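Among the features that TrEMBL reports, signal peptide is placed at 1-23. Per TrEMBL, the feature transmembrane segment maps to 290-312, 356-383, 389-411, 432-452, 464-488, 514-540, 546-569, 581-601, 621-651.
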């Protein structure tokens, strides 16, 4: 008991030291207490659009700039890869101090280029994304008595033939009064309340507040540009401003300036700090989401159970009948009956392109392991939406570390196929380290040239490309080679039967075996197509994906179904004396990638109707292709390894001479 107490104290001490005096909070962001009148700074992210899927810098448009210059905020690797460019903004508030008619700036006369660019961004439905205390600005609209939530606000709107930029913003900031003595009370951690340090001065009676909501209403107001010619930033606008989001009054015109203003009100709310993300997570369709997921899980579990029961009963009956016969009857049975017993001398014959199969299986183990660990950490709350970019960063980190598993599996499988031969293991490990990352770099480089040509912030900078290449060759590749070394040292898996020198002729089949293999992918696709819709909506429609617990369940079900489908297909092929099961077992479950890619095209046609231009469509298809290749490697690996185990177990369970 004493050791356990000491362990808890050490863990808590390390957490406190690592947080430098701030309370530890699992999802990755920390409550901040603001005193009345304390400054609040708004940040801006890249402007985005579901029409083009290409982000651009906020300051690429003629918006007001901060008086102390544009400064980049600290960005992690994931944010850069996602195209986020977080910068400071001129919007500044004072905690719990309402302000109205605040003059921000008067731009210079719109040049022809800026005028055309602004009109183009309005046509492409670009959204401005603001951030306050790590909360994105949220906008509420009503449609048919339904309250819709959107992150960000449009750059402007087109009415008939005129374009209107939203030049006045009405902010509402929800705050929760800080009443607890320490972070533990705020976070609800209970027993640890006395040891987690306070935020701010202990014992201070000055009231403080935490930001729990950030709402924005964009308006277009008829400003008088001449009346503010000498007005300074943050001064009072000379006349009353009424924000009416339902009307527009001042179109943008070439060679005329734009005046920007804003107002801010603070409102006390009962929302607790840990619940402040609920407004973003409870987007429309949540009931349909939960119902669809549960329905899908029940149907797939039922189907998987039927397949498993039928399969186990068939194999067990076959083995029982065979083992009950004496040797003479077994010999007669081998002569009279067809089936998997007749391919005993060929079932472990090395497949064509054996090294490629080993490399793909090794990479599949690496991708599947990355997916499981990432989703598990996300389900536990370590990669919440509040921690921008951590999901992508975590995926890259886990992928590099799991290079050890890729090298080990690829080399050990290579040695097993070669009956223990060490020759060529380094080549297999090297190819496992470069095969899938090489494909990914090739696709991303092509897409990056398109983004560079469009001057999008989604383009990966040259410096980041160099960093990724260094991470690949100095971390991922060495770890994969280390894994390959251990795979070469590990004992290979010995086959239970000998392989004949002359391969057995495969009887002609009524239907092509590959047709059955390609059709097998429909069952794994049924486990994930509903979840796939929500994932793609979060990627391409800017929605927040948060049900990682359900995603973890779906992933587990997918692995089970892939294993079962591959087992059934392998057994069926062996029963018709088709001993070439290696690649077919891989693609039996890996063929789900074909249906996912077809679904991606369907999603592009029917759900992304507004996606405009060949560049946007090429980006979408390029990223979709990369996604389905990763899924094919992961699901194919599950199918192959389960089939390999089954075939090895099947032929080692009976005596076949």
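All residue numbers here begin at 1 and follow the chain in the order shown.
Any Cβ shown, glycine's included, is placed from N, Cα and C.
TrEMBL annotations: computationally assigned, not manually curated.
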Feature contact check the transmembrane segment (621-651) with the transmembrane segment (432-452), CB under 8 Å, 3 or more pairs: yes
Folded-back contacts onto the transmembrane segment (546-569), same chain, C-beta under 8 angstroms, at least six residues removed: 281, 289, 293, 296-297, 300-301, 303-304, 307-308, 311, 368, 371-372, 375-376, 378-379, 383-385, 516-517, 520-521, 523-524, 527-528, 531, 534-535, 584-585, 588-589, 592, 635, 638-640, 642-643, 646
For the transmembrane segment (356-383), sequence-distant contacts whose Cβ falls under 8 Å of one of its Cβ atoms, 6 or more beyond its ends: 26-28, 390-391, 394-395, 398-399, 402-403, 405-411, 413-414, 417, 428, 431-432, 435-436, 548-549, 551-552, 555, 559, 582-583, 586, 630, 633-638, 640-641
Top partner of the transmembrane segment (389-411) among 464-488, 514-540, 581-601, 621-651 - counted as Cβ pairs under 8 Å: 464-488
